[in-house]
Amino acid sequence: MNYIPTQTFYGRRWRPRPAFRPWQVSMQPTPTMVTPMLQAPDLQAQQMQQLISAVSALTTKQNVKAPKGQRQKKQQKPKEKKENQKKKPTQKKKQQQKPKPQAKKKKPGRRERMCMKIENDCIFEVKLDGKVTGYACLVGDKVMKPAHVKGTIDNPDLAKLTYKKSSKYDLECAQIPVHMKSDASKYTHEKPEGHYNWHHGAVQYSGGRFTIPTGAGKPGDSGRPIFDNKGRVVAIVLGGANEGARTALSVVTWTKDMVTRVTPEGTEEWSAALMMCILANTSFPCSSPPCYPCCYEKQPEQTLRMLEDNVNRPGYYELLEASMTCRNRSRHRRSVTEHFNVYKATRPYLAYCADCGDGYFCYSPVAIEKIRDEAPDGMLKIQVSAQIGLDKAGTHAHTKIRYMAGHDVQESKRDSLRVYTSAACSIHGTMGHFIVAHCPPGDYLKVSFEDADSHVKACKVQYKHDPLPVGREKFVVRPHFGVELPCTSYQLTTAPTDEEIDMHTPPDIPDRTLLSQTAGNVKITAGGRTIRYNCTCGRDNVGTTSTDKTINTCKIDQCHAAVTSHDKWQFTSPFVPRADQTARRGKVHVPFPLTNVTCRVPLARAPDVTYGKKEVTLRLHPDHPTLFSYRSLGAEPHPYEEWVDKFSERIIPVTEEGIEYQWGNNPPVRLWAQLTTEGKPHGWPHEIIQYYYGLYPAATIAAVSGASLMALLTLAATCCMLATARRKCLTPYALTPGAVVPLTLGLLCCAPRANAASFAETMAYLWDENKTLFWMEFAAPAAALALLACCIKSLICCCKPFSFLVLLSLGASAKAYEHTATIPNVVGFPYKAHIERNGFSPMTLQLEVVETSWEPTLNLEYITCEYKTVVPSPFIKCCGTSECSSKEQPDYQCKVYTGVYPFMWGGAYCFCDSENTQLSEAYVDRSDVCKHDHASAYKAHTASLKATIRISYGTINQTTEAFVNGEHAVNVGGSKFIFGPISTAWSPFDNKIVVYKDDVYNQDFPPYGSGQPGRFGDIQSRTVESKDLYANTALKLSRPSPGVVHVPYTPTPSGFKYWLKEKGSSLNTKAPFGCKIKTNPVRAMDCAVGSIPVSMDIPDSAFTRVVDAPAVTDLSCQVVVCTHSSDFGGVATLSYKTDKPGKCAVHSHSNVATLQEATVDVKEDGKVTVHFSTASASPAFKVSVCDAKTTCTAACEPPKDHIVPYGASHNNQVFPDMSGTAMTWVQRLASGLGGLALIAVVVLVLVTCITMRR
């Protein structure tokens, strides 16, 4: 069957369901203007007809003729007498129904009211044995019921339909009867993200999932529809999966062409299954037991035994409620104090307390059993032996405390209850055995109250209370203003919860005061109680009595008496023995559950920030210890953190890669350094040197030192060559007596004139005498000139490219092929490519990564959390031995101790000559806080990268999501794009990770089943509720102290709590490449690593034909202002001429500069302004507008701001860039020094040649 309903409607919305007619309605159409004739009915039938007419006017707008014979069949009572008396109650009933809406205590919200209007028509209850198990919904032309909901639809027409079942969608479907099609609701496949409506309020739809606040839905809601604001059905609820604060719904919904079923992990079906209990091998519904001993007030002891027999059944609490309220197949009126009824089957008790406030032990009526401190807001949940909020009769009384005084239950005023640590605590809530109080830090805990005689009863235990605050600030007082962070707290509600405590039958309480000596006889005074006695004098002096009894010829020391009472439960305390060895028990709900809430935490005062050159100075003013941390956003994060508790000043180095710092609970701040410096790149030599020294001090010192050394060497060499030439010129004349130096040589060498052979004569002599030497003399100066020319040429050729070396691998504006490109995996870094195609105008393609997400494939090994040691009440075998039996409990320990002689407040517990034995048990279980506070151990596998990329070309500007794997194709504006795989196989996650709340840790952990005591993983389970709990806590039992009933044990401290203290910094604060670590699901966001290859197929339709595009001519560029190393700090004006106005693609064809604009509007003989970003001081880049190209040349100045809160949008440099002015000065210096050197070389060569000729 097709599970997509057909939209069949009859022009109606939200109309009430027609009333049930006691006759069969004829389905033949009748004329609209004809009014059927009715015979005169009786008064009751006349009233019914009036009601039917009113309803029909609201629904079908037609009147239907009722057959006479069938109308007389439908009478609720067959009696025909006293018709006038029947009429009066009917009128009275109608009068009572009018004010009924005003009597509602809780008015439904707008969403609930809207759903109630629609649901009144389109949903029907599904019942099994009279109990509602779910709902069926009329959608379109079909009736749909979840297949897992057992029962029959509560409508005779729908119940007899033939349904077809689909296990794939968990639905049963049938065609709606024709006369009910007007009741059906519309449906829609349109589901924009937002909020929708259902029976319990708002439903949030996001990411393809429907979620509700936890607790808003429950079993029994299966089949309820979800509506949009127009009243159309968008989904049908099947179940839910608890995910902490919210519950994900399992639904059947529709897309445009098909039906889909959304089933979150851990989904439970929400069918209200009928719970069955047993009694004497007979099954019965737990909510309505048919047996006689099912009311506690009538037969308390038998009722408790029945509850103990069903304690492990799912319907136990329904049976408990039915037993306490004594309802048996009858309507029960609920009460706001109904959950207190269970306490009438329990009683307070006296228990051993080591310190009753005065340093001595006692059996205290307010003994402290447990203290829980899982809430980080300083709240404590304390369990005591007294019961609060109840009077001594067991009824609810908020101002009373009932406690055990001997064998009797007494009551006192609740106002006298006190809780202390280092100071008095503030009590926020009390119920039964539990107190919720906010306490200051301290080393002990004390609970006290005044009894009926105004005597203080107290108990004091050693307890270290030092709550850890939420967030990154250790504050003490809740602030007036701050930020809300997720946390846990004890909810102040006494309604039933998921937590529970075990109860058991109390033991026999020995009391020596019941025995009195009278003339050699022992008298047992019952006092209205049941006494179990045992006397060793005589025979058969063992038994129970409820009246006074005398044991003849006996002494008190030979008798033992104890009060026995098995019609009440009491808490399973390790300080009170249990009545028998069998594990018979009951259980009751625990109030004040731990729930997820938000806590207001303070915001540290913002630090005083001073920006310097590549550093930032923070002056911190903490009001309390505050965490300060920072990390680098590059490949090496170098994380740092410390707790600051006084005024401090911290200097953080800032690089071009960026840093992130966080102060207290303030949001993290990211900063990037800019290439700021003193001096000018286009000024005098000393200004240029100052400019480059500020940017690259080491390289500048090396370059200036090298240039200075070269200049000095060149000058020294020039002087040396000139001196050598002079010496060679004067030497012949100095050795020849009476020689006269020629006039020219004398002027050059400052020497007397002399005669010598001319150059021509010298060369002629060498030609005649030695031709080899002649050619050597001629070749030497020529070789020197050639060598000098090559050096100068090489220097000029090397220096010019030196000013334009950039990181080409991250080019954001490089021209790409038509079908391939490589974009940097950096969020916000624009990539632009110029695409040319024959016959079309060039087009600029822009790709920008908006968001990236690395999601590893995770395999949950186990969860671990804090454990609790469960210590049942010990079993004491008087005058005999007992044996341990194995139990399927984690880390179960059992020991039997002989030779024990326990005492209770009324005397010795045992009375025999042989030894007594005590059976002590203990085992480990998950703490109640595990649902909210646990760590998950995962094995991480290959991470997949998902990216959100903004694609712009032509008139298309769209953002799309794609998996970067080289296979997933996305379609944007008719173009096909395939991204990936990424250039580097990298992931911030190790093979083993631990997830705790919103933090992720790269940490090794033991495998499942191999935990060590006191370490992470000492307890392990697959989920927080699974039955596969493993524990290794080195739990050990010890021998009880003489005369005391207790179960001493020594557990190893929780490994989970130890791990919380020693876990160190999370990956959130030290991930490389600026990754933002998120959970649910675990992922790393916006990691700036690697490059993403892109394959694309762009159709011709995306281009503009040449004949349709403007023809741009006379394009010229003038740079108005330019600031390099700043985000689009350059402004250029492009002047042009064109034949017609239109849009043109503008693009930079060089990696030196990145343009901000992709397209511009051109007009005839106009100008356009573009912005560009560059890292060069003297950029020269080619710009094209449509088909025209020109070159822009700029002289850029350094930025003024040292630190900015955004990253650069241009390419970084590998080597220092040299400005055009600096190159000019270098060329001038090289030319001057080179000229001097050339002159010296020429002179030396000429002199050498002349002297060698002689």
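The backbone N, Cα and C atoms fix where each Cβ goes, and this holds for glycine too.
For the recorded site, H148 (active site, charge relay system), the DSSP three-state label reads coil. Sequence-distant contacts of H148 (active site, charge relay system), defined by Cβ-Cβ distance under 8 angstroms and a gap of at least six in the same chain, are D170, S222, L238, E269, S271. Swiss-Prot lists H148 (among others) with the feature active site, charge relay system.
Residues or ranges marked as active site, charge relay system by Swiss-Prot on the basis of sequence analysis: D170 (among others). D170 (active site, charge relay system): 20 other CB atoms within 10 A of its CB, across all protein chains. In the three-state DSSP classification, D170 (active site, charge relay system) falls within coil.
In the three-state DSSP scheme, S222 (active site, charge relay system) is classed as coil. The active site, charge relay system annotation in Swiss-Prot covers S222 (among others), and the record cites sequence analysis as its basis.
Among the features that Swiss-Prot reports, compositional bias 'Basic residues' is placed at 84-110.
Taken residue by residue with DSSP, C719 (S-palmitoyl cysteine) is part of a helix. Shown in sequence order, A1240 are the residues of the chain, 6+ apart in sequence, with a C-beta less than 8 angstroms from the C-beta of C719 (S-palmitoyl cysteine). Per Swiss-Prot, the feature S-palmitoyl cysteine maps to C719 (among others).
Summarising the annotation, Swiss-Prot assigns S-palmitoyl cysteine to C729 (among others) and lists similarity to another entry as the type of evidence. Reduced to three states, the DSSP call for C729 (S-palmitoyl cysteine) is helix.
According to Swiss-Prot, the S-palmitoyl cysteine annotation covers C749 (among others), on the basis of similarity to another entry.
The S-palmitoyl cysteine annotation in Swiss-Prot covers C750 (among others).
Cβ neighbour count for C1249 (S-stearoyl cysteine) (all protein chains, 10 Å cutoff from its Cβ): 19. For C1249, the entry in Swiss-Prot reads S-stearoyl cysteine.
Marked as S-palmitoyl cysteine by Swiss-Prot on the basis of similarity to another entry: C1249 (among others).
Taken together, the residues in the region 'Host transcription inhibition' (43-77) have a mean pLDDT of 45 on the 0 to 100 scale. Residues or ranges marked as region 'Host transcription inhibition' in Swiss-Prot: 43-77.
Taken from Swiss-Prot, the feature region 'Disordered' applies to 60-113.
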(request) Take the Cβ of C729 (S-palmitoyl cysteine) and count every other Cβ within 10 Å, whichever protein chain it belongs to. (result) 23
(message) Give me the count of other Cβ atoms within 10 A of the Cβ belonging to S222 (active site, charge relay system).
(response) 26
(request) Would you kindly give the Cα-Cα distance separating C729 (S-palmitoyl cysteine) and C1249 (S-stearoyl cysteine), rounded to the nearest Å? (result) 11
